[in-house]
């Protein structure tokens, strides 16, 4: 099997490395050796083992009948979409790690692949090395998935873990994460939750069997989390995690990306540092959780290569993926139901006049206290919260 | 697709129930409706929906050309083996939840299936509803698996969790587990570790690609764990778990079933109650963990039905499973390397004369103390331990 890798950045070079490190094991499992014939990149890599494999024009790959599988690790929607579509139309199978491409164009590319008798796979686009896409498609087929909730961003999870362990504030841990290479110079996509938002859109599309647009998902990042919030969380035996969550409600789903305070007994509460976790609940399976490295060169490349192995074994078979292009209308944000942790310095009488009976958490931070609500809609909460002075609020 | 269920006990009746509960979802994913035509059982079930499906002779199923898939949920090696083999030889695909059958005859039945162009699948035999067999075969194909360690028995995990939470002793929690139906009247297979021993034999066979006999695996249960051990564990920020573990050492594996004291930061430390967890380490993936219901009627049936869906989609394709009948010689127990927690009342001078430098844990239980060793072989430890008075010892 001769393959091409488009984009020789962190993940692309990782793919070449994993294919070399585990060459024999992979050949055995794929049923034949897998060889990288081309690497598409704008740059040259003189003096490296891929020096003679570099091409700058994707058409060289599309037009080479020897190439059976193409790996896309360029990132971004364009030109990745144009290139990937051309490869599928040329009868080549494609594996990608590109969440932006899959969230925006997944349903379309799955259809193009099916129309051309090839496969488009994207295990590495969510949860890095953690097997989650294939388990959803192939393993949890006896279940109705009622909830899928993930810690899907290693950068923010590292930052929240660090804030919890050291009592440090947001700016400090962001700088530390940047120094360690976990956060980008422009950390917006991570800290504002845009990255996990695309990932939960992909997972929800797979669970629902139709297109979920990430633009429709309400998304809050971790920029408003303070050391005081962490103190409350500890006092309440809870952990603050940035969750990307999707729950079935009737025939639709309610989706949200936001920080949550989860109980210490929740399977995701122990997912710390740069690790990711995906929790799901099936109507017959009950609770399950998948945990592992959500990012990083080799773990992510491991998932891409697993797709390559799978596609090598399925050269003339379309692996069915249930993700139709018709758009799913999510439950509106206003109608989404959550319960809330609220910090305030308003008199309790005011709080009770607005929220009725609540549970109090006191003596954690001077000059304020907190309370927790039962389930209520986001709109109801926002209306009520506007009538008292809210220092911060986090979903439970 | 018409199927037969052999054995209408807990899991078998669960399979019929899951097929009914999620009928439409399952038909969509399988590509066609799945209908139970026969249920093989010694008993009659008058007045139930399967009343007219009961047969007492497995040959009725084997000889019916309409039957494409047979589910085996009888348990035990015989007559399950005879029946399953006959079904495969008759060209029927088989899904089983039977760990005893798979551990003893897995390699042989995979070969019989391959010789007859059909599939033999056993997702439910390890970890109940948790997808682990298929992820190993289909997802982690880019990795060399260096370690696979599981909490694979819900009964003993429930008991250890209860001992930890309530400080109760072994006999009390066993009675409680029996009252709740988590433990059998004869709990030997669980509390002595025989059940997880078969499961780690299956997982190691899949990782190694050849037969691992469970009889070759040293197996210790939880009967010697006391409330005092739990006190030490808490003081050390550790949890006592019955682990079934397999680690790659050169070209072989070292396998062991025994209670371990694992650190609070280990992904398996949060696997509590009747839940199961499987931790693994790949040479490129790094650490990963799968968590969920390790037993129970519907979760286990969910995994069996997922096999049925997969086989319905692969009616004329053999799904390759790398598990050859040639027996793998494991690293001998004596040569296995572990580190140890040891409780003693011998003078420290004696301990240090034998073990050299050790770390002490004191003031946990009156009249004794404990220490931890570095890595050493089981033989070396046993020799040294015989020279002092050991109250209990647990691996780390």
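In case you wondered, yes, glycine gets a Cβ from its N, Cα and C as well.
Just so you know, TrEMBL annotations never went through curation; they're auto-generated.
Annotation source TrEMBL lists NADP(+) binding site at A:6, A:7, A:8, A:9, A:10, A:11, A:12, A:13. Taken from TrEMBL, the feature domain 'Aspartate/homoserine dehydrogenase NAD-binding' applies to A:7-123. What TrEMBL records for A:99 is NADPH binding site. Per TrEMBL, domain 'Homoserine dehydrogenase catalytic' is recorded for A:131-309. Per TrEMBL, L-homoserine binding site is recorded for A:184. What TrEMBL records for A:199 is active site, proton donor.
All protein chains considered, the CB of residue A:6 (NADP(+) binding site) has 25 other CB atoms within 10 Å.
Residue environment of residue A:12 (NADP(+) binding site) contains 26 other Cβ atoms, counted within 10 Å of its Cβ in all protein chains. Cα of residue A:8 (NADP(+) binding site) to Cα of the residue listed as 'NADPH binding site': a span of 17 Å. The DSSP secondary structure for residue A:12 (NADP(+) binding site) is helix. For the domain 'Aspartate/homoserine dehydrogenase NAD-binding' (A:7-123), the number of residues in each DSSP class (helix H, G, I; strand E, B; coil) is 56 helix, 20 strand, 41 coil. The NADP(+) site, placed at the center of the C-beta atoms of A:6, A:7, A:8, A:9, A:10, A:11, A:12, A:13, has further neighbours from the same chain whose C-beta lies within 8 angstroms: A:5, A:14, A:15, A:41, A:73, A:74. Along the domain 'Homoserine dehydrogenase catalytic' (A:131-309), the predicted structure has mean pLDDT 96. For the recorded positions A:99, A:184, A:199, a Cα to Cα distance of within 10 angstroms from residue A:7 (NADP(+) binding site) holds for none. Cα to Cα, the residue listed as 'active site, proton donor' and residue A:6 (NADP(+) binding site) are separated by 21 Å. Less than 8 angstroms from the CB of residue A:10 (NADP(+) binding site) sit A:297, each of them six or more residues away in the same chain.
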